[in-house]
Amino acid sequence: MVEEVQKHSVHTLVFRSLKRTHDMFVADNGKPVPLDEESHKRKMAIKLRNEYGPVLHMPTSKENLKEKGPQNAPDSYPHKQYPANQGQDVEYLVTGTHPYPPGPGVALTADTKIQRMPSESAAQSLAVALPSQTRVDANRTAPAGSEYRHPGASDRSQPTAMNSMIMETSNTKNSALMAKKAPTMPKPQWHPPWKLYRVISGHLGWVRCIAVEPGNQWFVTGSADRTIKIWDLASGKLKLSLTGHISTVRGVIVSTRSPYLFSCGEDKQVKCWDLEYNKVIRHYHGHLSAVYGLDLHPTIDVLVTCSRDSTARIWDVRTKASVHTLSGHTNAVATVRCQAAEPQIITGSHDTTIRLWDLVAGKTRVTLTNHKKSVRAVVLHPLHYTFASGSPDNIKQWKFPDGGFIQNLSGHNAIINTLAVNTDGVLVSGADNGTMHLWDWRTGYNFQRVHAAVQPGSLDSESGIFACAFDRSESRLLTAEADKTIKVYREDETATEETHPVSWKPEIIKRKRF
């Protein structure tokens, strides 16, 4: 016969379970865990050994030293030994130095060099041997290196050598605590101002790019009139015109390793010109939109281009093969630069980011997101392991290899199209409103501002600098402008520090804005 189980509500079952649990544990509910005497003794002995181990074995008396043998030097001052625990409150006396001197200048003697690991019995005896609280408080106020004695004991002065050592140590500490001189802001290096030397006309459209050849004999420009022109650097006369692009030429560069000129344009084409025959010998196909810039690797035969299709491409110069497609930017890539050291490729984009790339893997190493607006220009310092980027909000300086932020160069409130720097530390920024600012690279001091007049035949609104470059001697600065001209600037040879002083006021607390 099956016994019928009485059904209860969930509420009743829960409370029954709670009651059973309460009845099971109510005997010791809320009581502390019972203390295990044996483990407590071991714990205290270990704690005393660890915390007071260095002072457990004090210098021994004369008699004990004599028993140990003649190799231990006798102590001229008697010491007391800690007795075993006899159940009475005994005050103990420390009259000599211990293995770890209480302060600087306390010399080690033969007996203080004796160090042994404390035993458990010694650790237990230390519980009674520790000084009283009154003595501890008195010891805290006593100077380092002094001795502690019972009242009425004969005074013994410190040795003269010890006193001198203590005084020297205290003087050293005081000198370390002296107020240091406030750091001074570095003063900008004086640079002579640059003045307009020559205006070269010949293009029929905006001059968008410029490059100087390695021999410093001529330079090349690309224009919106779809031509590439080669000019004599000394006289400014036109030497050669190259036609082949069917849209604006946006980038030109001359190889230092071969007699080749590379160009790119808004017609998606990248061309390699042989300057011995003045003909195109290679095309590099792959970009899906306008190509905005290009650069050559300084040590290997590699060409890097950047495009409006949000990618940068790495090409083998000789085989025309696309080695890598650097994808990751979310908007047009406006500028690209190469260097021999890592990271070997740097790109700036309209998506406001700068990317440092691993050339071998074809992947991003670092992405810099500090800019708030499009990054249209990047320049690498020829000597320092640093670079600068230009954007309408700021010019920013960075450190390689990981893109550490250095400083902002504020004041050029326009769309910055181009940057150039020379070995003297002169940074040039050119903007779309025709203004050119010159900066001291180290301090960020803006020592000159130039706004050249628009040349006849152009509208006043056609006042913009699209590209700039120093020649190889760094004595001339070339700018490619929207008034269809190339302007050549030179340093003012008559300027001195007296005629053009550095008008610089350091900011006491320079605000570090990212």
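Including glycine, each Cβ sits where the backbone N, Cα and C put it.
Taken from Swiss-Prot, the feature N-acetylmethionine covers M1, and the record attributes it to similarity to another entry.
According to Swiss-Prot, the feature phosphoserine maps to S119 (among others), an assignment based on similarity to another entry.
Under the heading phosphoserine, Swiss-Prot lists S201 (among others), citing similarity to another entry as support. There are 15 other CB atoms within 10 A of the CB of S201 (phosphoserine), with all protein chains counted. In the three-state DSSP reading, S201 (phosphoserine) counts as strand.
Other Cβ atoms within 10 Å of the Cβ of S391 (phosphoserine), summed over all protein chains shown, number 20. For the recorded site, S391 (phosphoserine), the DSSP three-state label reads coil. What Swiss-Prot records for S391 (among others) is phosphoserine.
Feature annotation from Swiss-Prot assigns region 'Disordered' to 56-76 (among others).
As annotated by Swiss-Prot, region 'Disordered' applies to 140-159 (among others).
When pLDDT values are averaged over the repeat 'WD 1' (202-241), the model yields 96. If you look up Swiss-Prot, you'll see 202-241 marked as repeat 'WD 1'.
If you look up Swiss-Prot, you'll see 286-325 marked as repeat 'WD 3'.
The feature repeat 'WD 4' is assigned by Swiss-Prot to 328-367. Counted with DSSP, the repeat 'WD 4' (328-367) comes out as 0 helix, 21 strand, 19 coil.
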For the repeat 'WD 3' (286-325), sequence-distant contacts whose Cβ falls under 8 Å of one of its Cβ atoms, 6 or more beyond its ends: 247, 250-251, 253, 255-258, 260, 262-270, 272, 331-340, 344-345, 347, 349, 351, 357, 359, 362
Rounded to the nearest Å - Cα separation of S201 (phosphoserine) and S391 (phosphoserine): 29
Structural state census, the repeat 'WD 3' (286-325) (DSSP three-state): 0 helix, 22 strand, 18 coil
